[in-house]
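Annotated features in TrEMBL:
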type: DOMAIN; residues: 4-165; note: domain 'Glycerol-3-phosphate dehydrogenase NAD-dependent N-terminal'
type: BINDING; residues: Gly9, Ala10, Gly11, Ser12, Trp13, Gly14, Ala145, Arg260; note: NAD(+) binding site
type: BINDING; residues: Ser12, Trp13, Tyr50, Lys110, Ala145, Arg260, Val284, Glu286; note: NADPH binding site
type: BINDING; residues: Lys110, Arg260, Asn261; note: substrate binding site
type: BINDING; residues: Lys110, Gly141, Ser143, Lys196, Asp249, Ser259, Arg260, Asn261; note: sn-glycerol 3-phosphate binding site
type: DOMAIN; residues: 185-325; note: domain 'Glycerol-3-phosphate dehydrogenase NAD-dependent C-terminal'
type: ACT_SITE; residues: Lys196; note: active site, proton acceptor
Amino acid sequence: MTEKIAVLGAGSWGSMLANILTENGHEVRIWSYNPDQVQELNEQHTNEKYLKGFRFSERLRADTDMKAVVQGADDVLLIVPSQVTRAVATDLNQVLTELNSKPALIHGSKGLEQHTFKRMSEVIEETIASQYRASISVISGPSQAEGVARKDPTLVTVASEDLQAARHFQQLFMNNYFRVYTNHDIIGVELGGALKNIIALAAGTLAGLGYGDNAKAALMTRGLAEISRLAVSYGANPLTFLGLSGVGDVIVTATSQDSRNWRAGYQLGQGKALETVINNMGMVIEGIATSQAAYEMAQLTGVEMPITEAIHAVLNGEETVAVAIQKLMTREGRAEIG
Ligand SMILES: NC(=O)C1=CN([C@@H]2O[C@H](COP(=O)(O)OP(=O)(O)OC[C@H]3O[C@@H](n4cnc5c(N)ncnc54)[C@H](OP(=O)(O)O)[C@@H]3O)[C@@H](O)[C@H]2O)C=CC1
Ligand SMILES: O=C(CO)COP(=O)(O)O
């Protein structure tokens, strides 16, 4: 069945997901606040700053007017950097109020709100009035936009407390290069997607310093152990961390040179200043804000997160990378499990 879908956010992931939905036969409109980007998408069918060299479906239409994009939509996908999700959802609430409509909502952002530590579905739930929303779903998993652009077989998961909603979005997104599973554990899926960015930053840093495969495997394994420990303390199902939005996303972002978090870490490892790294990237590096949130969550809950602490200290200029690694390596011996 063809649906009308509004996508809010036209960065690399928003525009790529919009293209998948368009190729799947849906009528998709994408919103961006940048008129030049809207013109480029509509006329050249490209989005060069965010997805170099990729040509989008000519059926995908872009607009700067959020109300025009959302009008008549059966579904709305929010896909902006986590720290602006609340602002965009607030505008969406206004639009839904004016249109008096109640589309199905899904987001694909991988981060936690600074200071509140809220997951994005919690931010959206708080922001959109209950009469204009049903359950909220999230799409997450190992899915670099650049890989999807190359039609690399990609597997993701859609999580929601409402499995019917998750199945609805599964059907909308599925095709022969993009396979979608469902998961009931929205806490685990959102926390997995957000927290793995810390491990990706750390993995890039090790690579930038010239460390090899042993260090990478060590970091990914112990990184997964600590992020799942934190997530379980917030109610996640530990098995989710053996799945696509746990180990799957750690693998792709901690090894792929397409990952912005990995690339940021790599430059930090090579000695570049954080500010330079952020300016050079021109796209969101979610792990920076998320490492601050996770550090504070660990302090609050007493969950041990040594890698997160190390990354937090490096990003805040409290420790050099060399000192942080030495501290991690010379911690008191421990049992691996338990
Ligand atoms: N890229 C990927 O491969 C994947 C990304 N994700 C997640 O998706 C989310 C979005 O990432 P992605 O698309 O890659 O990010 P990008 O940095 O590529 O793009 C973000 C987009 O949001 C826009 N934006 C920034 N601030 C605002 C605002 N206040 N209001 C409206 N729009 C704004 C940016 O515009 P401008 O630059 O003009 O300010 C840009 O178009 C992130 O949480 C990311 O972790 C998840 C899976 C894969
Ligand atoms: O989450 C992602 C892939 O699953 C994208 O990661 P980056 O933001 O590091 O590119």
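Each residue, glycine too, has its Cβ placed from N, Cα and C.
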Would you report the average pLDDT that the model assigns to the domain 'Glycerol-3-phosphate dehydrogenase NAD-dependent C-terminal' (185-325)? 97
Give me the Cα-Cα distance between Tyr50 (NADPH binding site) and Ala145 (NAD(+) binding site), rounded to a whole Å. 9
Maximum Cα-Cα separation (Å), residues Lys110, Arg260, Asn261 listed as binding substrate: 12
Using the Cβ center of Lys110, Arg260, Asn261 as the substrate site position, which other residues in that chain lie within 8 Å, going by their Cβ? Asn197, Ala200, Thr253, Ser259, Trp262, Val284, Ile285, Glu286, Gly287
Pick the one among the binding-site residues Gly9, Gly11, Gly14 whose Cβ has the fewest other Cβ atoms within 10 Å in this structure. Gly11
Which of Ser12, Ser143, Asn261 (the binding-site residues) has the most other Cβ atoms within 10 Å? Asn261
Site with most surrounding Cβ atoms, counting all protein chains shown within 10 Å, from the binding-site residues Lys110, Lys196, Arg260: Lys196
Restricting the binding-site residues Gly14, Ser143, Ala145, Arg260 to those with Cβ under 6 angstroms from ligand 2 leaves Ser143, Arg260
So how far apart do the NAD(+) binders Gly9, Ala10, Gly11, Ser12, Trp13, Gly14, Ala145, Arg260 get, largest Cα to Cα in Å? 17
List the same-chain residues at least 6 positions away in sequence whose Cβ sits under 8 Å from the Cβ of Val284 (NADPH binding site), in sequence order, or say none. Gly11, Pro81, Ser82, Arg260
